[in-house]
Structures are given as structure tokens and as C-alpha cells.
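So the structure is just underneath, and the comments pick up after that.
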Amino acid sequence: MAKCQGQGWLFYATLLLGWAVSVHGLTRAEFFPFGKTTGDHVLEQGNDLSQQLALDKPVLFYDGKFDNIFINTNGFVAMAQPSAESTYLGKMPAGFGMIAALHGDLDTGDGVGKVYYRQDASPATLRQAAEQINRAFPEDDEVEPEHAVVVTWVDVASRQHHDHSRGDGLEKQRNSFQLVIASAETTSYAILLYPRKGMQFASTAVGGSSQAMQAGFSKGLVNYLVFSTRQGPYYRITTERETSVRALAEETNSGKRGVWVYEIGTSPYFTSVAPGEVTDLPPDTGLESRVSEEATSKRYPGGGQQVTYSPYEPEEEVYRKEQPHQGPHHGGQFTVHTVQYQPQVVVVDDGDINVDVFSYNSETCANNRNKCSTFADCKDYASGYCCHCRPGYYGNGIQCVSEGKPQRMNGKVNGRVYVGNSPSPVEFNSNDLHSYVVANDGRAYVAISTIPARLGPSLQPLSALGGVIGWAFALEQPGYKNGFSIIGGEFTCQAEVTFLPAQEKLTIKQVFSGIDEHDHLVVSTTLEGRVPEVLRGSTVQIEPYSEIYQYSSNLITSSSTRDYTVSLDDGSAETRTYQWRQTITFQSCPNDEAARAVLPTQMLSVDQVFVMYDSNNELIRYAMSNKIGDVNGEKEENSCFTGRHGCDTNAVCRPEQGTQFTCQCAAGFTGDGRSCYDIDECREIPLACGEHSVCNNQPGTFRCECNDGYQFASDGHTCIVDHCAAGSHDCDITERAHCSYSGGSSYICSCLPGFQGHGRVCQDIDECQSARCHQKAVCYNTQGSFTCQCRPGYYGDGFYCSSEHTKSQCETHRDRLLGSTEYGPQPVPGQYVPTCDSQGAYEASQCHGSIGHCWCVDRNGLEIPGTRTGPVRPAVGPTPRPDVYPLPPGTHLLFAQSGRIEFVPLEGYNMKKTEAKTVLHLPEKVIIGVAYDCVEKMVYWTDITSPSISKANLQGGGAIPVIRSDLESPEGIAIDHLGRTLFWTDSMKDRIEVASLDGTKRRVLIDTNLVNPRAIIVDPVNGNMYWADWNRDAPKIETSAMDGTNRRVLVKDDLGLPNGLTYDPQSSQLCWADAGTHMIECMNPAQGDRRKAMGAIQYPFGITSHGKNIYYTDWRRDAVIMVDRQAGTETDVFLPQKQTRLYGITTAYAQCPSGKNYCAVNNGGCTHLCLATPRGRSCLCPNNALGVSCVESEGGRF
């Protein structure tokens, strides 16, 4: 929400009253009034039912206004008629506008559960809504809603529990929760209420598996380019884990347990969903009694806990008087845990209140030390505590970073910007921003990706996008401090840019969220407004400028006038000007009087400004040098203050007398200051991390990570076991039961749908005994399910059978369009023909292959407006840039493990296991294949989460996307270092492709007779390509020339699961690792002399070779294993610190292997792709080369 200055502290008093009633969890009696006596409507009982509600006043949701909403059984309110639940269950964000209060597969068909709804403008309801909103946003102007929609889901059950009588008590679990949409003239809010006793289950069945329910907001699909759409912005309250669902009743963002408030729409401009700001609560003194009330716990071996809920008893519908519920009165004292640095002395401006001061004497370091940075000390003062960074670090105590250490920033950029006189804006969402600051000389670099050419040139003057970053880490002059030293890394910057003389205005909002687990500062940026046009091909030069920063309590302001010169292609130039005003709001510590003293006015001096828009990569870059000092601009001669000191980028410059200085390596580094090297704390500090954890060294610091199956307790340090993840529970097997982690070392066992029991032992339910099928059908019971099949002579789905086969609407439509020939039905060329599912209904998504367009349809086959998509131009640009740990000289093994790539140095052929390190952190990614380009020292990898193919320079740098479009599951990857091409397999698209190393020239080589292609390697000297297809019905290993010609099967007999391939050019041996036969085998492809190299292995995945050795990754052993290929024996094992699955592995050679091919010189004379073959080379055109001058010639010598 927008922060406003100068308002009183009235709402802090309201906040205290809210805390007084929030010691215990929310009860259903504290809901907004609901039931028939309040005028509520009742939604038709059943499953996946919707009812349209016409509103007296519109709801503002994201940047839209809605006069109608749709109430749905499944725990949500939609902005349009929802599609069938099969299209959205388990999918967040949804494809339509959705407010998910608690979204899952819910049912009210048993007559117990109900969904009540109404719109309400009564003073009592609006007053109650205002109290919730104003308590959640205590620093904002008071909100007075004018209209409310109240939706209450009462005692709803999971459909799986309604459909099956399980016999294990789970059918008695029911949820109750409430959503209130409160709207003022220009803003709408969502108030979500979750009572403790009303939250009895956290997941529902989706597609045969149990998935956690979801809460959050989704704008739905939005228009993109001309004929396509893409997913719009969304906000998730819960995650994929059930613990996040249970936390809804235990935590808050409004100061009251179980109540959550969000700003969900504003007019005329909208930036993002804003959560309530009061997240801390007093301790729950009633916790022990609550546990005994809600459940009786039975302890089982291994520390698990089976929770048996008391039998369900329907509560009476709640009818309340107009007076809002104030909660029970609790006598005695209790500790209040406030928001970090909540003011301890609160001045109330309202003259009707006689209390001047509130004092929280219990706020001491003893209770809050963990709120300080790990590099800070906590100090108590008379009115509370404050955090202070230790010597060698700087910041506000909550966020501290090492002096002299470079700082990285990652974030997202969203915007809606008009260019010049254009009537339509350029919109962009979640574009990647990354920044790098050399702290010891004030140089800052900023890059933003995927900025379209229509907008990119016109953003060049806005070096101000990186201005606040430069201020935060500016080089400090004597007696002055940069932004991070004063306020740390959590603050909001709101800026207004006015371009002269036409008065175009642009607003920039940047929210800095602090340092993440990778030591990166996280920032979110939003642009809104209009900028003057800068023509394509123009360059922009920005003159040095200065900016005055004025400081007050929790507020910093600055302004400046900036000149820039636009140089056009024709050689002409024009000087332009814009005015810049910004406000920075933050939360300081009020308890240290010395720290509260008004800081002097400071001047930020910015020079060496560089801006560039890279149209090929749709990337805009800014660079600048920043110094903070005296407003008179007095210059210091000491090199530490000019930045010309020559210290290492990981060192701090220490000024001495006169012009003398010394260089000192930053904390976490060692050296003479001119050259600094990372200290491996994990190796040098015994027991740096606690039990059940591993130490992960990072540049300048280290992180402790819990082993698989463990997670951090609330103290953030102790690792506790999650028996469900670790597999140490005593629930029945996963095919019959589900283990749900419930906090601490506890878990709950529950039988899956189709089974009955108490979760530790589950037995199949024979559905055929209950006559579930039609009388003219045969019922077949299966484990956990059943099928119905109509008897011969009858037609239908088995639940209904008829002697006459009646075509459905879709089948009639389809068959009418299909002509009839002697070869069977044939469509008219270019004709769209609908697709029907197995029951004869229209498939939800229809496509027209001739034009490449797809769209969604309703149950009558009619296109849903706004859902049509077409061929989309591939997006090009960087993703957030992780740290790269530069490889030392020598040959190494590179292997993928979860969200990282690691290396093990080789000494000769042996692994130097003690020197293994993580080379690249890629959080939240699943990397499958890795390949190495020995020419440019680049590692390439495939990621199935994006999905994408990326690369990074192993000498230092960040992740660079290569291919991000038209991929589904890229797995194997190989590099031709001679022809400068990359090859990969896609196991979902079932094809093999090739592209230039920058991803621009791309061609499909093979797309037939592939089922599950994975491993792929190339032999560029001889022009051969090899790949493995682990199709369980017919696994095989194939080969072809590198242009895809002369394809043939090498091995097809006695294979099981051939996961990995490697080729040794010295011995001409092709080897593969098979997880089905548990063997490594080798052969000379030209001779066919197949032999076993190693047997009795467990579950190999990736494989590579170097000299006499083979190295492979194993899923069962979570290890890299070395095998002497000649002796057929295992000779060494490397166990990474983090025990998770290992995927692809490759050899990073110190020098490229010897050999040449016809593509190595002048691209083989080809205009585009040059691909080696055994006879020479083929020149091929990319698939996207239509209209481009490209010449093809296949297989000939050059």
C-alpha cells in the first residue's frame, strides 16, 4: 500500500486492542455475521457449483472493475464464470480471475456443509471491516469501506471424503472459513478468516493424488502481443506444503491470529497485491489446553504423532447483534511481540485520547536477539532494544553486510508505460533485474531483461532505475554514510520523474525486501506512466549529476535535475532534461537516542554514467559511479575516497594519514588486500553447523543447510526431522497412504481415496460391492479404484449404458467436418476439426494446427473470449544471476544436484574430493543435463522447471539464458566445440534439436520414433551423434550423422533403462549406464563388440569418461562413483555434503581434445548451421529461417 506521512498514531492504539484479543486463536463466533437471518443466500449444495452475484458497487481486483462475481463451492470467488474444475483444481495461478479463500475439491452435497453469501452495506458490517483493515495497515490513512461482500463456507468437506465411506474418521473432518471483500471508492480489500477449530483438513484429492489446498489471488490470463495470452500476475498466500495451510489459523498479517488482510485492487493505477503489515503476535498462553481440546495424540515409534480428531458435531449457524465482537477479557500480564522496531513510545494525535505514552518493557534482547543479523549484536535500552552491526560489517543491525564485499541484487520489474504519443501502453511482468555493486569504489551495474524494442530505447535516460541502488552502496566520504549503512536493506522508494518540457510523468516504486539466503538483496520494481520517445538506434549520454538527500525519522527525500543527450543515427544530437523527486520510507530503531539524532544533509555525486539498450537480447544496461559526502562537494585526495586505490573487489580500503592507505580483505576472505581469496569456513571451522545439517561454503560466508528429511526449527538453527520427507514414518506404503507433516517431529497418516483404515494399515475398498456401475455394465475392482465397462451391445461410460449409441454434440460436430475416403475419415485441408475426450465432450483446449492457434472452449464448444493463443516469439534475456565460483586450473568433473552445479577436481584420473565445491547456485531449479564448452570455458545445462537451456562462464559471471521457448522437458545436452553448436533431447516433445551456441539458429533434427529420449553425446571429429531412448517397452540406443541423416539402431536387446551415455574418442568406446540391468556396458560403434564394463551397480543416471576411468552419478547412493573401465572395478566414491539426487555429469577438460572437422574453420563455408558428418559436413537452415537468405547443402565435403 502507498505510505502516507504525517498521520497520527491512532491505529497503534487499535492495534494494541487487537493484540489483547488475539492471544487465543480465532473462533467461528468471531466471523462477520452470517446465516439466513442476516439475509444470506445459500449456494446450491453439491460440488463445483457457481452462482453469479450482481453487485451494487463494483469490486476492484488488480487493475479491473467487476460488477459481477461468481461464488463457487470449491472455496473461491471468481471474476468470470469458472470453467470446469478439471481445468483449475491444483493449479494456482488459475486461468481466470480468482480470489482463493481456501481452494480445493470441496463438497456440500451431504446436507451438512453450506456456502452463504450476500452483499452488505450495513454500518455494523462496514465498521467491522474497517477495523480489520486499519489494524492490518496501521501506518496508512484510515479506510472507510462503502460496500462489502461476505462469503462464508461452513462445515464443507473434501469431495473424496464425501464420495467414499472410509471408516477411518476422516469423513468427519470439515472446514469453515470466511471471505469478506470490502470496497471503498478507489480500493478493494480481501479479509480472510480462518478459525482454529474450523481447519480440520489441509489437502484434497486432485488427479488421483493429495494436494495441499491453496489461498491467494490470480488475475488470470491476460492479452499478450496480438493473438496470444499469457499468465497474468498472481499472489500466493500458501505454498505446496500442508503446513502453510495449517499456518492460516495460527499466524496473521493483521495483528489478530487467523485473520489476513490484503489490498487487492486500486484505481486508477494498480501495482501489486499488498499484504497487511502486522505479522507478530503475543504468545499463545492457551496452547496446551487447545491441544487437549482439539485432539488426542498417540505417539508412535520414531517420534511421529497420529492425531485423532473428536467426532464432528455441527455447530449452530451464527447470528449476532450489530455490536462487533470484542473477544474475551484476559487478566494478568502477557508478553507482546511487536513488529520489528515497532515504536516503543507512541504519541496519539487524536485529542479525544488522553494517553500519551505506551511502554513495552518486556521488549528486550532476551526475547528478540534472533531478529538481529547474525553479524550484529543486540543492545538493551530503557525503552527497548536495538541491533548494531559488528566491526567489519555495516547496515542497520537487522541487515548487515561485510565491508568491502561486492553486493549483488536480484528482483523483478513490472510496468505499464506509454511511449511518446502512443495511445496504448507497453506492459511487462516479472522481467528480471540484477545488479552488481563494487562497494569499495561505488561502481554500480544494473541490467533488466526482456524489454521490448518498442520501449527499450526510451528507457535509456532512466539511469535513475539504478540510482537508489547506487545510493545504498555509494562510496562513503569521511563522516558520511551510504543508504545501507543507515537503513539496511528493507525500505521502499517512491519516485516521480517529470520530463521537460512536455511534462510526461513516470512513477517508479522499488520495494527492497532485505538480504536473501544467497546474500543477494531482493528488490521489486514497478513502472507506471509515460516517457518521451527515443528512436531506435539512438544512443543516450547522461551528464554527471548530484542529488541532495535530506534525512528525518523513517523518511528520506531527495531531488535533482538531470540532463541527457540523445544522439540519432543521422549524427544529430538533442539535449533533454527531466526532474527527479523521490521519497524513501523505512523503519528505524526508536530506542537508541543517539541513532535517532537527525542526520546531516548529504550529497550523492554520480558520474561515469553509462546506458545501453541491446536490441538483439532485449536487454537494457546501466552503469554509474556513486559517492556520498558533503553538500559543498569538497573532494578528498585519499584514494580510499576517490575509488582509485587498486584494492581487490573483495577488500575494503582503509585510509591513513594524508594520502596513505591500506587494503584489507573483507570478512570471509584472506589475502594481502590487493588479492583476496575466499575462506572455506566449512573446512576451517569444525562443527560450523549443527547436527543433521551440512555446511555450504559461499563467497565470503557460509550457509548451514538441513539434510534431506530435516528442516530448520523455529530458532532458524536446529534441524529437526520431517519423518514424511525422510521416509522414517510408519504410514502404509505411498500407493495406499499419505504422510502429512504436522510440525516438529509429528505427522499424520491417512489412507488415500479408495482405501480404508487408520493410515498405518490401509485396505482396498471394493467399490464393486456397492453397485457403483450401471446394471448393464461390468464392474472391475482395482487397487484404490474401480472401472465400469458396458456389456457387449451397450454403449456408454459404464455408469450409464444404453443399447443405442447416441453421438455427443462434440462427436457430431467432429464427424460432420470429417470427410470420408477409401482410406478412412479425412478432414478438408486447412479445416479446423474439434477434439473430443473419451466421454464425447469437447476437450477444454482446442487447437487449429494449420494456423498454430489454440483456445479454450466451454462445454458447448464455443470459444471463451480472451483465451486464444498463437505462435509466440521466443523471449530472450537474462534470468536472475546466481554466483559463479570460478574454477581453478585443471580438469574437473561437473555434475548437477538439485538446484546447483558442483565440481570435483581431478588429479590424473583420481578425484580430489576434499577440494570439491559448488560452482553455481540455481535455487528452485531442477537441472538434468550438463555439458561443457572447452573453448569458452562455459557450462551449459537443461532445466525442466522453466523449462530452459542456459549457460554460465566458469571463470566468473552469471547464468545466461540460451533457449526459453518451445521446450517442455529438455534433458540430455551435448556440445560440438568445433562446430560451435549444441544438441539436446526433449522427452515430452519427443525430438532431438540442434542450435548455435547463442540459441538463435535452431533446427529439429529428429522427431519420429522417439518415446523417452534422454542422454545424447556427439563425436564431432567423426561427425557422429548418439542418443538413448529409455522407452520401457522398447529401450534402444541409436546413432546418426550429426545432421540427423543415416539414422540406425545400435543396441536394442537386453536393455532396461539406459539413462547415460559417454564416448571416449581416444579408445573409440561408447559406454552406457543402465538403471534397469544395473550394468555399465561399452562397445566400439563401428565394430559392435559389446561387453560389460561393470555389473551390480544400483541406479545410475549420468555418466562421463576420462582416460581409463568412467564416472557416474547414482540416485540410490547419492554419489559420484569412479570405475576403472579396464579392470571392471569400482575404485572410489565421492559423497557430496548435501545428500540429494544427482543428475547429469560431464568432464570439463583443461584443454580441448585434439582433432578437427570441416565446420571448425569459417563455419565450413555455411551461411547458418554447419553440422559435421562422417563424409564431411552439411549446411542446414534453421527452422525459423523463413525469408532469410540461407543456403542448404547436405553431406558434401568442403
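Counting begins at 1 with the first residue displayed.
Placement of Cβ uses the backbone N, Cα and C atoms for every residue, glycine included.
Taken from TrEMBL, the feature domain 'NIDO' applies to 101-267.
Taken from TrEMBL, the feature region 'Disordered' applies to 275-331.
Annotation source TrEMBL lists domain 'Nidogen G2 beta-barrel' at 405-638.
If you look up TrEMBL, you'll see 636-677 (among others) marked as domain 'EGF-like'. Secondary structure of the domain 'EGF-like' (636-677), assigned with DSSP and counted as helix (H, G, I), strand (E, B) and coil, comes to 4 helix, 15 strand, 23 coil.
Among the features that TrEMBL reports, domain 'EGF-like' is placed at 678-720 (among others). Mean model confidence of the domain 'EGF-like' (678-720) amounts to 77 (pLDDT, 0 to 100 scale).
Taken from TrEMBL, the feature domain 'EGF-like' covers 721-763 (among others).
As annotated by TrEMBL, domain 'EGF-like' applies to 764-802 (among others). Taking H, G and I as helix, E and B as strand and the rest as coil, DSSP gives the domain 'EGF-like' (764-802) the counts 4 helix, 17 strand, 18 coil.
According to TrEMBL, the domain 'Thyroglobulin type-1' annotation covers 807-876.
Under the heading disulfide bond, TrEMBL lists Cys847-Cys854. The Cβ of Cys847 (disulfide bond) has 15 neighbouring Cβ atoms from other residues within 10 Å, across all protein chains displayed.
For 937-979 (among others), the entry in TrEMBL reads repeat 'LDL-receptor class B'.
As annotated by TrEMBL, repeat 'LDL-receptor class B' applies to 980-1022 (among others).
Annotation source TrEMBL lists repeat 'LDL-receptor class B' at 1023-1067 (among others). Within the same chain, residues 972, 974, 976, 979, 983, 985, 992, 994, 1005-1006, 1010-1017, 1073-1078, 1083, 1085, 1088, 1090, 1100-1105, 1107, 1110, 1112-1113, 1144-1145, 1153, 1155, 1157, 1171-1178, 1180, 1194-1195 sit at least 6 positions outside the repeat 'LDL-receptor class B' (1023-1067) and bring their C-beta atoms closer than 8 Å to a C-beta of that stretch.
Away from its own ends, the domain 'EGF-like' (678-720) comes close to residues 370, 402, 405, 517-519, 650, 666-670, 726-728, 744-745, 883, 885, 914, 917-918, 921, 1137-1140 of its chain (Cβ-Cβ under 8 Å, at least six residues beyond either end). Counting only same-chain residues six or more apart in sequence, the Cβ atoms lying under 8 angstroms from the Cβ of Cys854 (disulfide bond) belong to Ser845, Gln846, Cys847, His848, Arg868, Thr869. Using a Cβ-Cβ cut-off under 8 Å and counting only residues 6 or more beyond its ends in the same chain, the domain 'EGF-like' (636-677) has close neighbours at 375, 392-393, 402-406, 438-443, 475-478, 625, 627, 629, 699-701.
Secondary structure by DSSP for the repeat 'LDL-receptor class B' (937-979): 0 helix, 23 strand, 20 coil.
Sorting each residue of the repeat 'LDL-receptor class B' (1023-1067) by its DSSP state yields 0 helix, 23 strand, 22 coil. Counting residue by residue with DSSP, the domain 'EGF-like' (678-720) contains 4 helix, 18 strand, 21 coil. Broken down with DSSP, the repeat 'LDL-receptor class B' (980-1022) shows 0 helix, 24 strand, 19 coil.
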